[in-house]
Amino acid sequence: MPLTCRGRVRGLEPSRGDIDDALGKFSLTLIDTLDTLALLNKTVEFEEAVRRVVADVRLDNDIVVSVFETNIRVLGGLLGGHSMAVMLKESGRMVWYQDELLHMAKDLGLRLLPAFNTSSGLPYPRVNLRYGVRGPETRTGTETDTCTACAGTIILEFAALSRFTGDPTFEAHARRALDFLWEKRQRHSNLVGTTINIHSGEWVRRDSGVGAGIDSYYEYLMKAYILLGDDRFLQRFNTHYASIMKYISQPPLLLDVHIHKPLLPARTWMDSLLAFFPGLQVLKGDIQPAIETHEMLYQVTKKHNFLPEAFTTDFRVHWAQHPLRPEFAESTYFLYKATRDPYYLEVGRTILENLNRFARVPCGFAAMKDVRTGSHEDRMDSFFLAEMFKYLFLLFAEEEDLHFNVEDYVFTTEAHLLPLSLSTASNSQAPPLAGEELDDSNFEWTCPNTRLLFPDPAFPRNLREPIRSAVDKSCPHPTTHREPGMGRPPLRAQDFMANNPEHLELLRRMGVSLIHLKDGRVQLVQHATQAVSAVAAEDGMRFMQEMMELSSQQQKEQLPPRAVQIVSHPFFGRVVLTAGPAQFGMDLSKSSSGVRGFVTVAEPYKGCSELSNGEIVAGRIALLQRGQCMFAEKARHIQKAGAIGGIVIDDNEGSSSDTAPLFQMAGDGRNTDDVTLPLLFLFHKEGNILLEALKENREVEVLLSDKARDRGERLSKTVRRHEYEKKCYYVRKVLKKLIRPDFFHSVDTYVIEVFEQPQRTSYFLPTDLTREDYGTCYKKVLQNNSLQLDYNWN
């Protein structure tokens, strides 16, 4: 214990609850840090530590310990120490070593095996090192639940033990537990819950994320494939990973969801254990989201010096402790290995400086009791020395600093080193993985080359910048909240603006959280206990009641979808985009002809203030982006500018009418009778089609209607002329039909565009051309491609 300068002995110190389940009177810190000494090239100290473990540590103790913690820290520590001792012996050092650590590891493995004596194969969460789990003397065996990570983070250590010793029993038990968890995944979402009944397999806690309770289950699926070479572990990981990125990942956030309703967030905060996930994404080869999430974590770290044990979606402290967890340093190391971006060396330096400045005490490093105040806790867990020191050393180490190749080893979740050579060790008696065969055609079997995918060295920086800004802006300065007797009224539902920082701060003070759902909607959740005062909590309840009433008023009869049809050249009505209707404005179902016009992007694009390009938007259909203000407000701004219609494009990247339900734009709770133009909604995919058309063509004309018009009606006139001898007035006739009359009479040149060329070509014809000149120009057009202009709807 770093503050009192003495070791913690279980039973002699006040109990800390489940935290003490890691202590089994087996010199936990000494065993957990064996391979750290070897990695740091402290070979003399390592040899002395091994001798002490062999001479002094005894495992036959009448004590109840956590199966999970004992496996990853003690069994993993013994196996990591054995791996390093064997490596040193092969190089001519520690020649006295005769697998003593391995014998101890097998002894410990046998003491953990009784925990697996369940009908499901999932282990009990605790075991008595001397008596197992049955009988009154064990003082355990009555538990019914365990966490997913507790049952799913066994395979590396148990498989390594089996392959080191030639005894397949351990690996078989670990595989059986993984098989059961895989079979119990929610088949629709392919997610697993946080806590499971070890007998029935029923999910006790059905929230799913990548943090506490589940984290290392996903990690071990990927690393089991790397260490053991079994493709089915990778198949399972890829299946889960696809669902994580679909439901849990909301870059840069990773928010828990319900496994049966994965579009609904299960909480409004994140725990610090998820900081390992960017490192796992690097192993997967998915660098971009790893960079984004890591940057978010770094910005939170810079705000509080350390990563709080839990923090909210607006990056405020939820749980203020920091037990010197190493996961953020781990991800920093892996990102630097993948990108070689010196930025991550600066991140590592920040970690080091904060440890020395805020956590270092005379007898080690003390955990932070509260990151906001900098107060300490008399605690330095073994994982700090086992993991943090390793990853920080490897982050800054040059090649000559390493006396062996770390690429020949896999890091366990406790950063213990297991050699990749175990993949070739015999374990023929281990049963095959259970479960159906998966179609692996969609899964990547090789990691991408990031230097080919992202050749621009500024790519990581460009990803980090907006995230840095988002975190900076997410913590507005506190505003004075209403106290009894003050005249300032609480926030009213009809006045609420989701993009107003003051409104968001008022919500926070009232204990109301704003959650952005995957389909682009927002959800409001109140936790009265998080309000700053009882009065603020009452205001929050009133606000939520008003919001529910407002929402019910907006739930009108479901309107059918609308159509956005691109009618100009070269589409001619062949492209029809499914659009969502608005519950206000012009009803297109009552218009026989719809509204037709050329499109123009509004400035500002969000349309939440008066348009700066109003003179261009006038008489046209305005394109806007969703967000920052109510739909009705956007409609009023473009209507004021003289637009004849509007199209709102979703800002939720990747959304599509193919996969999302029909979206209707609601009003703002006020009278919207003043909005008379039609407003339609396009999801991101469909909106991009329209934006790309506008990028490729100077003018794009669309028809807003309740349904697409028959394409057979689209052309009332087609100009197809191929004869070289035609007179010049014929060319002028074409020009008059091609160019708007107002444009035709206002300039001194006319343009023919050859649309069927791979790239558009323009020919400028001065007005003073002779008849022969017209003919010559016409010939030039024909030589490139026949003049073929399909134009004009009537």
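Positions of Cβ are set from backbone N, Cα and C atoms, glycine also.
As annotated by TrEMBL, active site, proton donor applies to GLU69 (among others). The Cβ of GLU69 (active site, proton donor) has ASP21, ALA22 as same-chain neighbours under 8 Å, each 6 or more residues away in sequence.
If you take the C-beta of ASP215 (active site) and look for same-chain residues 6 or more apart in sequence within under 8 angstroms, you find ALA149, LEU273, LEU274, PHE276, PHE277. Look at ASP215 (active site): DSSP puts it in a helix. Annotated active site per TrEMBL: ASP215 (among others), in sequence order.
Residues or ranges marked as active site, proton donor by TrEMBL: GLU309 (among others). Taking Cβ-Cβ distances under 8 Å and a sequence gap of 6 or more within the same chain, the neighbours of GLU309 (active site, proton donor) are ASP271, SER272, HIS318, TRP319, ALA320, GLN321, HIS322, PRO323.
A helical conformation is recorded for GLU327 (active site) in the three-state DSSP classification. A sphere of 10 angstroms centred on the C-beta of GLU327 (active site) encloses 24 other C-beta atoms. The active site annotation in TrEMBL covers GLU327 (among others).
Within 10 Å of the Cβ of THR413 (Ca(2+) binding site) there are 25 other Cβ atoms, across all protein chains. According to TrEMBL, the feature Ca(2+) binding site maps to THR413.
The domain 'PA' annotation in TrEMBL covers 599-690.
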Message: Under DSSP, is GLU69 (active site, proton donor) part of a helix or a strand, or is it coil?
response: helix
- line: Here the Cα-Cα span from GLU327 (active site) to THR413 (Ca(2+) binding site), rounded to a whole number of angstrom, reaches 9
